[in-house]
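Now, the feature entries from Swiss-Prot:
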type    : residues              : note
DOMAIN  : 7-175                 : domain 'Era-type G'
BINDING : 15-22, 62-66, 124-127 : GTP binding site
REGION  : 15-22                 : region 'G1'
REGION  : 41-45                 : region 'G2'
REGION  : 62-65                 : region 'G3'
REGION  : 124-127               : region 'G4'
DOMAIN  : 206-283               : domain 'KH type-2'
Amino acid sequence: MSEDKSYCGFIAIVGRPNVGKSTLLNKLLGQKISITSRKAQTTRHRIVGIHTEGAYQAIYVDTPGLHMEEKRAINRLMNKAASSSIGDVELVIFVVEGTRWTPDDEMVLNKLRDGKAPVILAVNKVDNVQEKADLLPHLQFLASQMNFLDIVPVSAETGMNVDTIAGIVRKHLPEATHHFPEDYITDRSQRFMASEIIREKLMRFLGAELPYSVTVEIERFVSNERGGYDINGLILVEREGQKKMVIGNKGAKIKTIGIEARKDMQEMFEAPVHLELWVKVKSGWADDERALRSLGYVDDL
């Protein structure tokens, strides 16, 4: 290979909600960019993660999970974001979960069959499959569904075979100049990443009670004289009862969320962070396309 040659391309990571797409992206990048939680629908924006290694630059688009339910405006916009990611990439990584196959997986597969980009099938969470004897027949079933570029059993959680996927990606990057400087890991702003970190902590500490009805707006993000950042985050919920839930008994819950979010921000921004959080009720935001636009849910569509 000539020293002057460089390779660069876009790769979409797609799949139904909660199959481990964000965890896989974070593992491919070697650090945390996309938020992860056990709750479906934690990814709401298309996050671009960038991995540069020598002559190779892979630009990953982490899509919201494609899913069948489209009644709420936020679900329609998330599906639109995921579908548009599939259309303009060099390669697709389709993530499925162990030996599970659902109508949502089928829907994603149908969209991929219509596309031109080659597809790597990442069968995630294989380490969690109880009946190992079921795995091979299931892989054979998957192989019969479409002409995949490759089928790779992986564990995004432990990192098993993630390097194999990275190697396949490198091999299929077209010759092109790099889009981003070598040290870039995402094209998202620090302000955006701060809101994602807070949202992850909300998802993590509030259990199943708040599936979509919480979002975060960063009202203030400024450098301070101590070489760090002062950040004010506004947590928006849909009902008064949810506000009480976020605040917790004598403010205990929001305090925990703030402490954990600040730790992650300091690690990501490599600087001290002073974080203040407020909670406000804004009813119906997840059903209101105008509200969603103002909160940045359609900034890249």
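Along the chain as shown, residues are numbered 1 onward.
Just so it is clear, glycine is given a Cβ too, placed from its N, Cα and C backbone atoms.
Sequence features, as recorded in Swiss-Prot, placed on the structure.
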residue: G15; record: GTP binding site; DSSP (3 states): coil
residue: K21; record: GTP binding site; DSSP (3 states): helix
residue: V126; record: GTP binding site; DSSP (3 states): helix
Other C-beta atoms that fall within 10 angstroms of the C-beta of V126 (GTP binding site): 20
Listed binding-site residues (G15, N18, K21), ranked by Cβ neighbours within 10 Å, top entry: K21
